[in-house]
Amino acid sequence: MYKQTTPLILASKSPRRQELMQLMGLDFKVLLKDVDESYPENLSPAEIACYISEKKAVAFAEERFSSLVITADTIVAYQGEILGKPENAAHAKEMLQKLSGTSHLVYTGVSLAYKDKLKTFFDQTEVCFRVLTIEEIEHYIQKYNPLDKAGSYGIQDWLGFIAVEQITGSYTNVMGLPTEKLYLELSNF
């Protein structure tokens with residue numbers, strides 16, 4: 001069982017990650033830092049998520065906090081294509097049309113950094129969408145804010161409730177933080 005003895009910092013502006021850590025009963029502070037999220041082109045989707053998460057952790061670790069820093073990065077992969085956060089509503093519509101009636105993979109890389117110790121891991125979840133109408137896609141984009149979400153959707157939003165036919169793997173991973181794996185990794189860190 002994980003017993004928190006070290007202060008925690010969540011280095012993420014994601015309200016979903018913050019909510020998930022609160023639901024885990026963790027006491028933490030949120031700190032933000034701009035980090036370049038570019039990555040080498042030859043990486044697999046899982047490697048990309050881990051690479052960016054680790055970049056974020058290293059940026060914070062340089063400051064030698066006396067807290068354990070948690071960073072994460074989530075990406076959506078559809079037929080080998082990385083679907084990051086959409087640039088605008090038209091881009092979000094294009095992404096959701098691709099995901100409509102198909103399955104895709106969601107990867108979240110998570111890094112734990114404390115003093116000179118760094119641990120990075122990832123989780124993968126398969127999500128299957130039913131066929132969506134253009135009207136449903138446009139409604140979602142207008143009423144919800146998909147511009148801050150990888151793949152242009154939040155599984156915890158309206159679209160997640162009406163479009164997801166099947167999920168294989170961690171639900172919280174799709175939200176942006178695989179809490180089950182995080183708990184185990186914190187217990188063993």
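Even glycines carry a Cβ here, placed using N, Cα and C.
Remember, TrEMBL labels are computer predictions, not curated facts.
Annotated active site, proton acceptor per TrEMBL: Asp73, in sequence order. According to its DSSP assignment, Asp73 (active site, proton acceptor) is in a strand.
The site 'Important for substrate specificity' annotation in TrEMBL covers Arg16 (among others). Around Arg16 (site 'Important for substrate specificity'), a 10 Å sphere centred on its CB holds 20 further CB atoms from the protein chains shown.
Marked as site 'Important for substrate specificity' by TrEMBL: Thr74 (among others).
Feature annotation from TrEMBL assigns site 'Important for substrate specificity' to Gln156 (among others). The DSSP secondary structure for Gln156 (site 'Important for substrate specificity') is coil. Residues near Gln156 (site 'Important for substrate specificity') in space but far in sequence (CB under 8 A, at least 6 apart, same chain), listed by position: Arg16, Met175.
For Asp73 (active site, proton acceptor), the same-chain residues 6+ apart in sequence whose C-beta sits under 8 angstroms from its C-beta are Glu37, Ile48, Ala49, Cys50, Ile52, Ser53, Lys56, Thr108, Gly109. Taking a C-beta cut-off of under 8 Å and a sequence gap of six or more, Thr74 (site 'Important for substrate specificity') has these contacts in its own chain: Ala49, Val106, Tyr107, Thr108, Gly109, Ala150, Asn173, Val174, Gly176.
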